[in-house]
Amino acid sequence: MVCIGLYWFALVCTGFGAEQVLPSPAVWCQAQSGTRSYGPVFEEQPSHTLFPEGSAEEKVTLGCRARANPPATYRWKMNGTELKLEPDSRYRLVAGDLVISNPVKAKDSGSYQCVATNSRGTVVSREASLRFGFLQEFSAEERDPVKITEGWGVMFTCSPPPHYPGLSYRWLLNEFPNFIPADGRRFISQTTGNLYIAKTEASDLGNYSCFATSHMDFITKSVFSKFSRLSLAAEDARQFPPSIKARFPADTYALAGQLVTLECFAFGNPVPRIKWRKLDGPQSSKWIGSEPLLQIQHAGFEDEGTYECEAENAKGRDTHQGRIIIHAQPDWLDVISDTEADIGSDLRWSCVASGKPRPTVRWLRDGQPLTSQNRIEVSGGELRFSKLVLEDSGMYQCVAENKHGTVYASAELTVQALAPDFRLNPVKRLIPAARSGKVIIPCQPRAAPKATVLWTKGTELLVNSSRRLDSMIQICCCFPEFYQWEFPNAQHEQIFYPSFVWLLSLCRVTITADGTLILQNISKSDEGKYTCFAENFMGKANSTGILSVRGPPGPPGGVVVRDIGDTSVQLSWSRGFDNHSPIARYLIEARTLLSSQWKQMRTNPVNIEGNAETAQVVNLIPWMDYEFRVLASNILGIGEPSLPSSKIRTKEAAPTVAPSGLGGGGGAPNELIITWTPTLRDYQNGDGFGYIVSFRRKGSQEWLRARVPHAESLHFVYRNESIAPYTPFEVKIKAYNRKGEGPESLTATVYSAEEEPKAAPYRVTAKSVLSSEMDVSWEPVEQGEVTGVLLGYEIRYWKDGDKEEAADRVRTAGLVTSAHVTGLNPNTDYHVSVRAYNRAGTGPPSPSTNVTTTRPPPKRPPGNISWTFSGSTVSIKWDPVVAKADESAVTGYKMLYRQDSHSAPTLYLASKSHIDIPIPEDFTHAFVQIRVTGPGGDGTPAEVHILRNSGTSMMVEDSGTRPAPHIVVITTNSLLMVALISSLEL
């Protein structure tokens, strides 16, 4: 293998071979020139045109103008066929406009399209129709007279003559211009032209003529029919209910954004009133118009639905319903735009249109239909190119159409083949970088196809650290002396290496897919000239920048402390190195003997400018040992700190903070105990630190003061025989040192020592609950007899024959007046008394009361358990348990039933020794526990496993005493109670 050259290797890697066809010289010259050419872009397109027959105008002009460079030439199509614009033809071209002289309906009515072309491509305009407007005369035949009973309704038919476009209608009565007004009794349909009279009156006698008007752009023409005479028969006019005669269609189709009109008019006597409603939604705020008309401005899809017209008078009502269905012309949601793409690349274009019905999308290239072929795939609104070639350049259009219209979108595709060019985007000339930071150097020449990029630092090739070296480079590394490497810069220098390329660092260099060079963990050795070489099959180019490594400033030196005060000092220092970036500001940090952690300090000035070498440090703690250090910063960050200054101690000052945590209370009789939180060293401010306590009885005017030396002190005890129990005192505290006294704290209330309660609870009752439990209740003592804060009550209970001193004790907390006592012996007499207690102790006992616990439940479990199945029920029986003389009576049985180990258990209560349990059809087995229950509690359970094919007990065991279940829900009848419980065990 021979290393031919660096750029050959790059071309092989990117897949460009010698077989690539170069662009023609003309295309190459155009690409390199400064002028910009572009394909036609319509600025004016033909519009639908209505030409009145018989007009004095002698021509029709369809406009077309396109912006293009070079300028566009124009052609026209009629009904898809290109027009021949010959000198003696009635068709001529004026700029891009098509002018038709003496237009004739038979020859010129149709659809027209403008075609604009230049050397970049061709586009076609939207289609525009040319139609001819006309209005013929009414028939000359006489119209039949109409005779009707007065008070009845009547309709006159207009039967307009042939016409285009639509007409507006009015009616004449007897003579011109006596037009019939539109009122609630008479209505002229603008759909059919018919005249409706809901209830005829004597004033309606006369001759009627339909007056039709056509509005054709700049011409208005009107015609009127022969007269039809109305005569009325005189009879007693009777009233009759409404009958709707003018009805809107069952389905009315309209385009979104247009005005929708529904007509509804009824005969009736009295004249009916017309009301409108939407049956499947709210009334729109866009409704306008008078009673016979419902008009919706700018209709939208929300206006679709079923509408009802109701005609009503005193004799009845009539209704008519119909739907409004909204359609929409195509409208672009996403269109193509002019695109420049590299030769050999892929391209995807998309056009998306809305509309109803859903539009179809087709594609044109240079005005011709485009279908899937070779590298081009057409799929509805998507157009995909694979590996673009120069011949793909041109003008493209996507066309969306439904039965209501067509929209066009155009864009130019330019496939580029350009040699790399750095003139618009060179490598940055000067590249600053932060030490230990990261620098990103883009290499983005204009090139098509995308250029292969290589980077050098000076004469060293930089290799991407994340990319494996291929075998060719490995061979060249082994035998560097045999290879000559040519770097294609402007001078075409040949550089010979005594050894192959050094990698800058295997872990610090990244060259991204777009050619961007990223250097990590920058150091001073990375400074130098960096060059990006770019090449494709069209040519090569390079661009160079110089990297300058900068960093945060070095440490300042010579930190000196002077002018030491109680809360401030003056610092000075000398400047350190700025490391190629000016020092912006300084920071000052300090630490105390209480903490080894450095903290930023407040200074004067607040912001220390980069040219300063002295500053005052403020807000220091008096009588505190400090060390200081200075740090400099610039735009690249904060530098290393200076060496610490020598230790100094700020001057002393009087305390500035009052001690916290002021409180107290308790102690022996005739004592007042005051407590506080000792002040930390940070707030002592000087030597000789202590506390001054002030106190007085609440309501007294004179304060007593006491000095308590030592910072560690945390309480003061005042003894005086005159202090009554639980007397409130006002107390406050402040600190002092040898520089003076500090501020006083807020006043707090502290009570002197308490005394045991003087009164006993009364009306004490005790009731046995189970064989080992009882409930005790009492009436509370009065608060005024507690002489302190009542903490609760103490219940003492002892067996009959024992002394009270041997009593067991249970204490309650707070103001509760009952307690539940457990752990008693069955069938035993007890004495019970209750006392109040506070922090000073317990008060006198209440008179004792007596209680006898119940006998224990029978210990024997039920035996001889058996069961039988009957349909959806299992019947379970067992031998009754009979209580002994020293046991409590049996009042019933508890059975815990569970289908399996995963299902929730069910508790059944039975008064006799049998029970019927409902079971599911797929029952196979169940687990059951049965035990007695009574006033002494629950007995020992018997456990059994019930099987479908067995009727005797599979297992009976004495499970010992187990805790009673927690019952969640319970229902009751005469023999059976059912409850869901939280555990299988009883």
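Note that Cβ sites are derived from N, Cα and C of the backbone, with glycine treated the same way.
What TrEMBL says about a protein is an automatic prediction, not a curated fact.
The shown structure was predicted, so the numbers you read here are calculated from the model rather than taken from an experiment.
Marked as domain 'Ig-like' by TrEMBL: 40-131 (among others). Across the domain 'Ig-like' (40-131), DSSP assigns 4 helix, 52 strand, 36 coil.
For the domain 'Ig-like' (136-231), the mean pLDDT of the prediction comes to 94. Summarising the annotation, TrEMBL assigns domain 'Ig-like' to 136-231 (among others).
Positions annotated as domain 'Ig-like' by TrEMBL: 242-325 (among others).
Here TrEMBL flags 330-414 (among others) as domain 'Ig-like'. For the domain 'Ig-like' (330-414), the number of residues in each DSSP class (helix H, G, I; strand E, B; coil) is 3 helix, 54 strand, 28 coil.
According to TrEMBL, the domain 'Ig-like' annotation covers 420-548 (among others).
Among the features that TrEMBL reports, domain 'Fibronectin type-III' is placed at 555-653 (among others).
Taking DSSP states H, G and I as helix and E and B as strand, the domain 'Fibronectin type-III' (658-755) has 3 helix, 47 strand, 48 coil. Residues annotated as domain 'Fibronectin type-III' in TrEMBL: 658-755 (among others).
Note: the domain 'Fibronectin type-III' (760-857) comprises 6 helix, 48 strand, 44 coil (DSSP; helix = H, G, I, strand = E, B). The feature domain 'Fibronectin type-III' is assigned by TrEMBL to 760-857 (among others).
Under the heading domain 'Fibronectin type-III', TrEMBL lists 861-953 (among others).
Panel annotation: around the region 'Disordered' (840-863), residues 725, 753-762, 764-768, 770-774, 778, 781, 786-788, 794, 796, 800, 804, 824-834, 878-884, 886-888, 890, 893, 913, 930-942, 956, 958-959 of the same chain, lying at least six beyond its termini, place a Cβ under 8 Å from a Cβ of the stretch. According to TrEMBL, the region 'Disordered' annotation covers 840-863.
Residues or ranges marked as signal peptide in TrEMBL: 1-18.
Three or more CB pairs closer than 8 A are found between the domain 'Ig-like' (242-325) and the domain 'Ig-like' (136-231), so contact between the two stretches is assigned (pairs 6 or more residues apart). Summarised by DSSP class, the composition of the domain 'Ig-like' (242-325) is 3 helix, 50 strand, 31 coil.
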